[in-house]
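Okay, structure first, notes after.
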Amino acid sequence: MPLFLEEHAEYLKRYLEQALEPISDADASVLSDYAMALLRHDSSEEEVRQLCYSQLEDFLRQETIPFVDKIFDVLREKSYLEGASNMPSTGMVTEEVSRYSPTSSMIPATNSMETNFNNSLPAVGKTNTFPSQVPNMFGPPLYHPAATAPSEFMPSIPGFGNLPNPAMPPIPFLPFNPAAQPPFPPPFKMRGKRGFGMRHEHNSELRRHSPGNRRFNPYKAYPQPHLGHRFSRNAGNDPTSTALEVRNIPEEHFNEENIRSFFSKFGVLEKVELNPTHHSCVLEFTSHEAANNAWSSPEPIFNNRFIKIFWYNPSKGFHNRPKKFASHKSPTTSDSSNVESSEDVDPASLLQNEEFHKLIEERQRQHEERLKRINANKKALEELNQKKRELAQQQLKEQELLMQKIKETDRSGNKRLMLLETQHSLLKAEADCLGLPVSNVSESPAASNGSHHPYASGLPQRGTNTFFRGRGRGRGDMFASMSIDNRPTKLRVINVSPEKNEALLQYLFTVGGYEEITEPSTTERLISFQNRNSAEKFFGGVRNVEKLQELELAWVPKTAVTTNTTSMETGESNTSDNMNIEVEEGRWR
């Protein structure tokens, strides 16, 4: 089974070019075609993977294994098709290329342009004599026609067709690229004989020509760039430049003898500098003519299509050169000491370096000090939390004793008892935030006095605050308001038939937040919720369900606390009936 479909080959090639560009000095387009040819092998996936490892190692070196593994992952997930919607279709590309056929067909074969160039201004009614093949001013970039022509110096590789020669990369865009300079004058430049808005610019550079040149070619009015097959860094125009930079030299040819034997045919080599790390070198010839012959030669270097050659510009520096090169001069001036200077530092020598050991000891000491500070902070935080818990527990006990004492000695101190009750509730909430168990704390004596004041206010007790200390347990920050909600959280559902029971359970599962469902009878259900919010959500939404509109809902109060109290000295008689919350059907309390 093929690793990819042929209709997806264009997208895969685009992905491979983008992946190869930063990790290889070879031409990304040609190398991607080579990689796709390897992936097309009719073998198992593991065999193709091993083939890619062996064939791409010469070009990618240490990046070979990560690159191949990544490509197979991409092929398995087909992630290279993610950008397919943004790419033009093949038909559109073919159509655009056919529009921009060779430049020679764009130049008129007759003297149809003589009238326009012999007159200072075009006559009224004259049409544009430029051929229809000239691209639109805002059209796509135009490649030089020779960019896709097969090389006449090397035969095409079997199985690859007429692929571009890597030693002869695509020729740059023509100077009249519509994206850079419009071949036609833009409209509305100046007023002509026919008035404003006419598509003529009478001071165009294309009209500045010699009247005697009847065969004036407007496309040659601009200087042509260097269209050679080698890479240039603008140093080839310098007649004093005699240095070349060669990259991506294979290991078997990376020595002074082979390099000199190949490049000596172009002229006398004065100096060869090798860069073992990047397999590149700098060549210095005795004359600019010899260097130019080597640079412009169409012959592949060492018969390898992926070796690149540049003009070396000393002013910009050689970004791949290390600080110390293996400098190999001519045999008359060679020095073996320069060879030793290019050797990399042995990692084993670092173990014998005292400064290296001192640096390791310093880093280790800093790390140990950092761990000590972290442990000390943790211990201090635990001690602080323990003190907070002990203080809160002590305050609770003192508050209970004080409330009990006031209750026994002063029967008429209702206001003071209400204040202590509120403070006691705040202390219980604070203890709950600190993680202290408050279940064993006796109920507040507020229920025994026959009155219910959940929101009683007053001055805070000494040593307490209106906010809660500590981080809490995810209930907001330390300044968040707290309240005790004693409203009912249990609902009684009446008129539940077997048909409505399933719909009721489905809606209950949708709302969630319930704790228990009991069935006192076949037509009645008691539902306990975790909080008042969930209960109200169920209460308000059950009427909107079509099958549950006939149900009757009622709030079930919490267990009433009945406490018999004696009459106060004020003559007030408070009974436990004041604590009961009456339940009315369908009414929120």
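Cβ atoms here come from the backbone N, Cα and C positions, even for glycine.
Here the candidates are S330, S497, and Swiss-Prot annotates S330 as phosphoserine. Range annotated as region 'Disordered' by Swiss-Prot, chosen from 98-120, 236-258, 351-373, 443-465: 443-465. Within the listed segments 322-348, 511-537, Swiss-Prot records region 'Disordered' for the stretch 322-348. The region 'Disordered' annotation in Swiss-Prot falls on one of the ranges 182-205, 566-589, namely 566-589.
Helix first, then strand, then coil: DSSP counts for the domain 'RRM' (242-314) stand at 23 helix, 22 strand, 28 coil.
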